[in-house]
Amino acid sequence: MSTVQLYTKYTRVWIPDPDEVWRSAEIVKDYKEGDKSLQLKLEDETLYEYRLDLQGNELPLLCNPDILVRENDLTALSYLHEPAVLHNLKVRFLESNFVYTYCGIVLVAINPYEELPIYEEDAIYAYSGQNMGDMDPHIFAVAEEAYKQMARDEKNQSIIVSGESGAGKTVSAKYAMRFFTTVGGSASKTNIEAKVLASNPIMEAIGNARTTRNDNSSRFGKYIEIGFDKRYHIIGANMRTYLLEKSRVVFQAEHERNYHIFYQLCASSSLPEFKDLGLTCAEDFFYISQGGDTSISGVDDADDFEKTRHAFTLLGVKESHQMTIFRIIAAILHLGNLEIQVERGSEACSLSSEDEHLKNFCGLLGVELSQMQHWLCNRKLVTTAETYVKNMSLHQVVNARNALAKHIYAQLFNWIVQHINKALHTTVKQHSFIGVLDIYGFETFEVNSFEQFCINYANEKLQQQFNLHVFKLEQEEYMKEGIPWTLIDFYDNQPCIDLIEAKLGILDLLDEECKVPRGTDQNWAQKLYDRHGSSQHFQKPRMSNTSFIILHFADKVEYQSEGFLEKNRDTVYEEQISILKASKYPMVADLFHEEKGAVPVTPVGKGTSKISVRSARPAIKAANKEHKKTVGHQFRNSLHLLMETLNATTPHYVRCIKPNDEKLPFKFDPKRAVQQLRACGVLETVRISAAGFPSRWSYHDFLKRYRVLMKKTDLGKNDKKQICKTLLEDLIKDPDKFQFGHTKIFFRAGQVAYLEKLRADKFRAAIIMIEKTVRGWLQRVKYQRLRQATVVLQRYTRGHLARRLAEHLRRARAAIILQKQFRMLRIRRAFQRVRNSTITIQAFARGMFARRTYHQILAEHKATILQKYARGWLARTRFHRVQAATIVLQCYYRRMKARQQLKALRIEARSAQHLKKLNVGMENKVVQLQRKIDEQNKEYKLLNEQLSTLTSAHSSEVEKLKKELLQYQQSQRGDGNQLLSLQEEMEHLRLELERAHGERKVVEDSYMQEKDLLRKRISDLEEENALLKQEKEELNSRILCQSEDEFARNAVEENIQMKKELEEERSRYQNLVKEYSSLEQRYDNLRDEMTIIKQAPGHRRNPSNQSSLESDSNNPSISSSDIGDTDDVIQQVEEIGMEKAAMDMTLFLKLQKRVRELELARKKLQTQLEKKEQESKKSQVIETNTMTSEQEDFAYNSLKRQELESENKKLKNELNELRKAIADRATQNNSSNDVQDSYNLLLNHLKAANEELEVRKEEVLILRSQIMKAAQQKEMGKNMLKERESIPSNASWPNSDRHVDQEDAIEAYQGMCETNRKTEDWGYLNEDGELGLAYQGLKQVARTCCLLWEQLKQEITQQEITRLTNENLDLKELVEKLEKNEKKLKKQLKIYMKKVQDFEASQTTLPADRRPHDSNMQVAVQRKEKDFQGMLEYYKEDEPLLIRNLITDLKPQAVSATVPCLPAYILFMCLRHADYINDDQKVHSLLTSTINGIKKVLKKHHDDFEMTSFWLANVCRLLHCLKQYSGDEGFMTQNTPKQNEHCLKNFDLTEYRQVLSHLSIQIYQQLINIAQGILQPMTVSAVLENESIQGLSGVQPMGYRKYISNSPEADTSYSLDNMIRQLNTFHSIMCDQGLDPEIVQQVFKQIFYMINAVTLNNLLLRKDVCSWSTGMQLRFNISQLEEWLHGKNLQQSGAAQTLVPLIQAAQLLQLKKKTSEDAEAICSLCTSLTTQQIVKILNLYTPVNEFEERVTVAFIRNIQMHLQERNDPPQLLLDFKHVFPVSFPFNPSSITMDSIHLPASLNLDFLNKV
């Protein structure tokens, strides 16, 4: 197919653009030959007509298919040209944020100007061991390739990092070195890798500066050789430097800075050690303030200076040398500030001797001020006849001063580099090395001078070497595959190099002009014009006679010749150098004396480092020949040496690209990028690749990708190569477009795109066929649905017509029925009218008669009512009179009762003080109302009295009048007038009496109303008071409930926190154990090496056979808790002396033993207290009414307990003061009396023990008193309940009665407590036995000593106390031993008695003649009976044989058919016998030998999973046995009675349990490392790459193209079945060997975490596996692993939870990624993935074919917005080396010791059953 045929409609092409360099467009009309233009549509949908050059026949460049965009390797693109390369880099950088891209063997690195989480140590381990191209491009991949080739090919390697300033060269080189130091860490702990990295801050400080393009630009080139030994561990390094930019020391352009070290020193000038340097801020010094701003945003110069000093110290630079370095740097700054004075009338210059900067300069360098003052302004001229001194002009003085400053700094730079090399040098023979070249890239500025010329010259040499290397690799690849090799035309820059370095080239002419006495830059430029004007790489500018142009490989560069000669000469006057050589500081003098010495370690580094040219002076002395070498000459020599080194190594290339000049993160400037791509050789690599066969496919991948283009008959063949040949011959007619290699197919540029087009067309045709078929099917379905709908409609219509006919018939029938019913209704209504009329007439007649009867009855009823009301009125009148009298009586009675109640209420108010606080306002109101009632009562009494007096007066007066009337009537009956007057007066008095009665009634009514009102208000107040009481009770109950809830919540939170802290502590503890095991392993290795080296005759003790346990062999019964209590005593022993302390150690141990007994007693009392508390909680329901009294009792008991405690403390303090006084007196006579010294030590021991004893006694006393008080409270509560039941319930005020009963109960209870208290302590002491006696004895001793202190002498007291204490403790110990012996003898006696009885019984049943013989048989039978005690006896000399047969030489297969963990049971039975016979030495020896033997076996089989699992199971079982049979009740809950008999009797092996726990952790970690080492190589292949679902994943059209030099060995591919089989093997081994199920679960949890971490890390670093099909495969593979966990009953182990991040990553690959709803779904689903990981996977997502859509940048930004609130860790990768903390839960065995059988295969015949 011709190229023209590709320019069809919808094809995309590249057209030039002034802004974007290249712009894509789409062809809208097919191109035909002869057309003058192409019709295009731009990206903004605008039409564009592209004019064609018919003469050149140049069509626009074609775009690659979308499937090829974002490729990892640029050479894999089908169309290889500049726009394709630029577009691929731009898309990867901006949309996917990928900073690395391969271009063949070149790694293109774009500076992101932002910290990225892709350089952690996890990333280093992820790339370590991987093939280059298997994972995404990275600087670590290049470093790993170099490291792997060095190890495989045993050839030195080089990594060449180049790029312009600010492109990130230094950072890339730093990351490469960090990779080597991490992967190839030094075998010996010489810290060489840290020193290699420490050289970076030093070199950056003295060689880096801020430029307009970079804040940390390297102003020199360096080549670092990292040396490796035969095992490829770092052993040292060496550094070479090139072309230091010395001119920066004295001049900086605007917005630039000098070298960092100057500013760092100024920022730290305030430090005390730098006061003598005379430095101030940087703005005060001319040499470092010319660029303007002296600071860099975000950089702390003072902090960087501290890092520089720390690096100097790490590299071994002495403090004195560091101070000298800083003095020299400060002197350079002072040199730049010298004030040069010009004398009047002449050009001569001078310096003032009073110049402070001159004084500081001379003082800091240690030179004579007068000489330096003179020779800075004068120069010496030497001729053949005479020598004279000449004054210099101002310009010459300034130049000489600047030259001196540059020379001093260059010499200092060289000295520092040499000392760094010395620090990195090693005496070990170097086997190979990897060099890292960090060198300047091609540079072109507006003004280019000598530095740019040298830089571009070096890049010409490097580009030539690069082209040859790429060409060589291409040729090797072709020859390896058997492809005919045809010469490829590539750019050869040898003519340009010859122009510079050949004979009479630019450098030669420059050196020649420098030798001319009056040579100038203009003369040199003219010579260049004359000599090289005809050269094709040399041009003369039109508008200048001092400039020249060189056509470099990257671009044309115009150089200004001004300053070339001066910089090439680098003139420094000999007189100034001589003064510096005479410095009083040796280091300053050595800087300049080195020029006469031998060649330094580094060859001519920095180009200008060894030059001191003496201007205008003939070469008289041979020693000055070195100074005649110019800068150009030295640079050329060093460059040739560098090229020789690079040519002798295998190079690897890193090209750094600066994306923009503004240093903005992730901003891409196409113009700047293209310029750098052309300059760094990337496009040249692309051009060389495109000239041949750039696209290369393996037969397998090609067949898998393009099998859709093949015929079915061809697919049936077995030969893949023949199938591919047939296909290509049919599709591509031109045989020159492809070639068949041995393993690959080679294609010309554009052919893969053509095949992709054919594949897309085939898919498109298939899709059209599928669409056609689907559309036909849809139409048929639609027709069938319409037909079925029509049939249904017809059916329903016919049904409707039938229903309508039926409705008509029903209506006709209904009409007839209605007529019938209507007629019947009409006749019935007529009948009803007649009937109703008759009934009405009857009703009216009957009503008339009824009304008459009613009126008669009504009249009678009314009469009855009148009678009723009359009688009622009379009765009510009588009732009112009685009622009035009754009310009066009730008022008087109620007033009396109210007064009584008021009095009672006042009494109750005084007792209920808490109610006053709640009802303060109410009490005031009640008092006011009470006062008002009292006043009204007083008024009422007064009115009653007045009324009574009036009534009595009236009655007496009436009686008197009556008497008088009678007398008068008797005397004068006829006097009628007087009678009338008397009657009138009587009537008047009667009226007054009635009026008085009315007033009295009114007063009574008002009084009753007010009284009722007051009663109502009092009742309201009582109700309100009751409500307040109820509210108070509710609030109290709420507060109690809330406090209980808060307590429960706090308890839960504290429990969770404690669990978390326990896990963290366990993790830290296990890490320490791991470090200890590694140190122990290293110790063994060193010991073995020392043994080999010494080879001394005789027997040496093996340190590994010793153990840390030996220190405890003398005291095996002392637990770890006991030892922890002796810290204070040990400190005193160290102060006084071990010899004196040893004599009383037994006494101290006895006291410690007594303290342990007290501790056991305290624990028992604690359990009793807990039981009592539980009983009291059960009785709280019954005792709710006695809460107040119990609280008061508890307060009383607490007070009493505090009094007892204070009394005990007081007595204890008196005793301590007595002992302290004795100790003080003893210490005063310490030097003179040895007996007093020993007693003083004993007294201290006794004091510590007694303090512990006092604490235990106090705890026991408090616990027992609490138990007794709780019981007393319970009995008191029951008594009080009984008393309350007996109290009568008819009291008026129950609250007052209850208060009185409470007081009585408290008084009674206090009396009982007082009675009990007197006997409580003594009862406690009588119960405790010896403790009580000891406690009372100590009290009596304290009181006696206090009374007799003045009378007794010190020596007698000391001796008596010591003797009594020793005797007491010895007697106690003797009693204990006798009791133990008695128990043993009783047991033995029982056994012998049983034997005797059995023997006698057998003797009675046997004949007399056979008794002797049968008795012997009876003994034999007795030994064979099941009386085995579960103990094994062995002799001490058989212990090594036991360890060898049972541990060292034992194979797990030998005991596979026996009881699991049989060695552990056998060892424990041997241990039981040693405990039984009370042989502590045997116990210690057996356990120590066991532990050392296990360690030896594990060290020998460090990679054997079965052996490691076997001993992990046995060590855990031995640990469980030590716990199960320790005698501790906490471990004996599941024991049988028989197992309880097998418990240890004499020794406490707690410390050995701790040591075995440590050993278990070490074995577990070794087991995990072995499992991970086996599974890790197969994890990625089995889980991520394995195609469990065949045919699901497609193949992308490219991959990284591996050259012959870096092609790896044949990789081993693993399937998921292989991994599952390996997991089954692990599981079966651990289960068969009896490993605890909890430990098995933890092992698989750790293994599955490693699988998750390794797979996810690989997924995050590989673009080729981030696709939908891979997500489907991954999810299926994970489900298989989950099913395996479920099948093995490991779902509770937490292993499945460790796979959650991987599951979510697989789901993320499968989810839709378009809308905001999809983004929300992703954010809610991927909770276990960090934001960095989610964004990384989305950036890596790659469609397998063109029908899938890529993830847009907007969608990724949307995801980031949704996830910005997360506080995720910054790291991207998971730490696959993380180890979860392990725990060994107690798992007792149901097997008894006496049921275990010893197999004969173990060869343990020397063990005897007991």
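Placed from the backbone N, Cα and C atoms, the Cβ positions cover glycine too.
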| query | For the record in TrEMBL, which of the ranges 269-310, 605-646, 1361-1402 is the coiled coil one? | reply | 1361-1402
| Under TrEMBL, which of the candidate ranges 482-540, 895-953, 1662-1720 is annotated coiled coil? | 895-953
| Can you tell which of GLY163, GLY166 has the most other C-beta atoms within 10 Å, given these are the binding-site residues? | GLY163
| field | Across the domain 'Dilute' (1488-1765), average pLDDT on the 0 to 100 scale | value | 84
| remark: By the 10 Å Cβ-neighbour count, the most surrounded of the binding-site residues SER165, THR170 is THR170
| task | Ten-angstrom check, please: count other Cβ atoms within 10 Å of the Cβ of ALA167 (ATP binding site), all chains counted. | result | 25
| field | Secondary structure content, the region 'Actin-binding' (639-661) (per DSSP, counts of residues) | value | 9 helix, 8 strand, 6 coil
| said: I want to check the contact list for GLY168 (ATP binding site): same chain, sequence separation of six or more, C-beta distance under 8 angstroms. What comes out? | reply: ALA109, ASN111, CYS656, LYS658
| Does anything in the same chain, at least 6 positions from GLU164 (ATP binding site), have a Cβ under 8 Å from its Cβ, and if so what? | ARG213, TYR440, GLY441, PHE442, GLU443, CYS656, LYS658, GLN676, ALA679
| query | Cβ within 8 Å of the ATP site's Cβ centroid: which residues qualify beyond GLY163, GLU164, SER165, GLY166, ALA167, GLY168, LYS169, THR170? | reply | ASN111, ASN214, SER217, SER218, GLY441, CYS656, LYS658
| request: Check each residue in the chain of LYS169 (ATP binding site) that is at least six apart in sequence and keep those whose C-beta is under 8 Å from its C-beta; list them in sequence order. | output: VAL161, SER162, GLY163, SER218, ASP438, ILE439, TYR440, GLY441, CYS656
